[in-house]
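K.L.:
Mind having a look at this structure? Questions to follow.
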Amino acid sequence: MVNVTYDDSGSMIAHPLGEDPAVYSPGDVAWVLASTALVWIMIPGLGYFYSGLLRRKNALTMIYLSVVTLAVASFQWFFWGFSLTFSDTASAFIGDLQHFGLRGVLEKPSIGGTKIPALVFCVYQLMFAAITPMIAIGAFAERSHLGPITVFVFIWSTLVYDPIACWTWNSNGWTYVLGGLDFAGGTPVHISSGTAALAISIYLGKRRGYGTQALAYKPHNTTYVVLGTVMLWFGWFGFNGGSALAANLRAAQACIVTNLAASVGGLTWMFWDYRIERKWSAVGFCSGAIAGLVAITPGSGFVGAPAAVLFGFMAGTLCNFSTQLKFLAGYDDALDIFASHAIGGIVGNILTAIFAQASVAGFDGFTEIDGGWLDRHWIQLGYHVADSVAGIGYSFVMTTIILWGMHYIPGLRLRVSEETEIIGIDEVEMGEFAYDYVGLETELKPGQVDAYNVTNQIAGGDPGLELQERNSENHYEKRSLGSP
């Protein structure tokens, strides 16, 4: 039985067996639970953002993967993820199975903060564990089987996310003990997922038509991109503000700098794009806003509002220019996840080491830190460089091992055939579309595919009918594949 009582003010008093009573404010619990819901909405928001950037024949895939990833991560977190990350008896790198199946995760003060019970902390941290692999699997876009991705999410969460989150946020973790400052997930969330996306892109290889005009397409639905950005921006108030784990002034400060960095990042990226295209790009603004949100994440509970302007500007600039890395290095990152999240996370970690202030961290009334360079604590930058390099190296190596391990297991190979890539993942893997019809003819280049075969394939004709590529330069005959 859980022994919980309430005092005259409505505060909850827990009496764990053999331990001192713990007092929880209903306001703190309510804020963290509300923040949980805010972070939850970010996951399908990311699916819409990714979907809008892709071609129409793959539009449903990312929306589908967002909710499936949430489900897989939720089971993994219940099964052993929370225990491997936040067990009280964890090592410097990973936890044990103390809380296997959420055993004992109830009314005791959480390892993350004594202001809320462990059960509330557990469900809040679950949302971080769910959105992180969703960021990474955007790299599977347009060229991967969907079934094996669910297996990948479970394994990756266990072998990559849980150890990095443990060494960053668990009080026994090596980065935490060293003195690293990561308020809401610069390394565990963004660097780990962004680097994983790079490893996935390299493993899968280039999409069909890479380096030609075949992939010089514009996002198929800019409205989805804006909608996804709105959901992400909205949820990020819970992502960063909720990481204070209490309804206090520090949470409010985190919300202020989060919104400010996103605003400056969006404007910066948009202005950089305008200098080339002379167009006011909604996609550019949305990309910059997300880069700003990524960068401010590790420092949101440690820096003041003036610093947030620099976070947004540097993220909007460096992440924008980093999108060219894929052309220099020759990998096909369809959604620029490495540039936005890994580079953005590194920018955030470095700037946090410089601009973190003990006075801002103390807004909650009890947190004490040495601060960063503004407080003349010079070694802080070294801590953050070490943490960033460790996160990049570990995530890249482990993700690559997971991918190649799955490659040699029957049924778990991820790369689809060229025929599947031509038709689209939605049709072949799901048999469903984001819309009531798909004008597939707009996705195919003249003379590449026999119109008769494609039409029959989509209309449910002979499943053994093979797509035939042609070398002729005849124009592809446009045919209506649904109601206008």
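Every residue gets a Cβ built from N, Cα and C, even glycine.
Feature table excerpt (TrEMBL):
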type     : residues : note
TRANSMEM : 29-50    : transmembrane segment
DOMAIN   : 30-435   : domain 'Ammonium transporter AmtB-like'
TRANSMEM : 62-80    : transmembrane segment
TRANSMEM : 116-137  : transmembrane segment
TRANSMEM : 149-170  : transmembrane segment
TRANSMEM : 176-200  : transmembrane segment
TRANSMEM : 221-239  : transmembrane segment
TRANSMEM : 251-272  : transmembrane segment
TRANSMEM : 279-296  : transmembrane segment
TRANSMEM : 302-321  : transmembrane segment
TRANSMEM : 342-363  : transmembrane segment
TRANSMEM : 383-405  : transmembrane segment
REGION   : 462-484  : region 'Disordered'
COMPBIAS : 467-484  : compositional bias 'Basic and acidic residues'
K.L.:
Quick one: mean pLDDT on the domain 'Ammonium transporter AmtB-like' (30-435)?
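P.N.:
Summing pLDDT over the domain 'Ammonium transporter AmtB-like' (30-435) and dividing by its length gives 95.
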K.L.:
For the transmembrane segment (176-200), which recorded stretch in the set 149-170, 251-272, 279-296, 302-321, 342-363 gives the largest number of Cβ pairs separated by under 8 Å?
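P.N.:
Of the candidates 149-170, 251-272, 279-296, 302-321, 342-363, 342-363 scores highest.
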K.L.:
Is the transmembrane segment (149-170) close to the transmembrane segment (342-363), in the sense of at least 3 CB pairs under 8 angstroms with a sequence gap of 6 or more?
P.N.:
no
K.L.:
Under 8 angstroms, Cβ to Cβ: which one of 29-50, 149-170, 251-272, 302-321 has the largest number of such pairs with the transmembrane segment (279-296)?
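P.N.:
Counting Cβ pairs under 8 Å, the winner is 251-272.
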K.L.:
Using Cβ atoms and a strict cutoff of less than 8 Å, what residues sit near the transmembrane segment (29-50) while being 6 or more residues removed from its termini?
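P.N.:
Answer is 12, 62-67, 69-70, 116-117, 120-121, 123-124, 126-128, 130-131, 134-135, 138, 141, 224-225, 227-232, 234-239, 241-242, 245-247, 251, 286, 290, 335.
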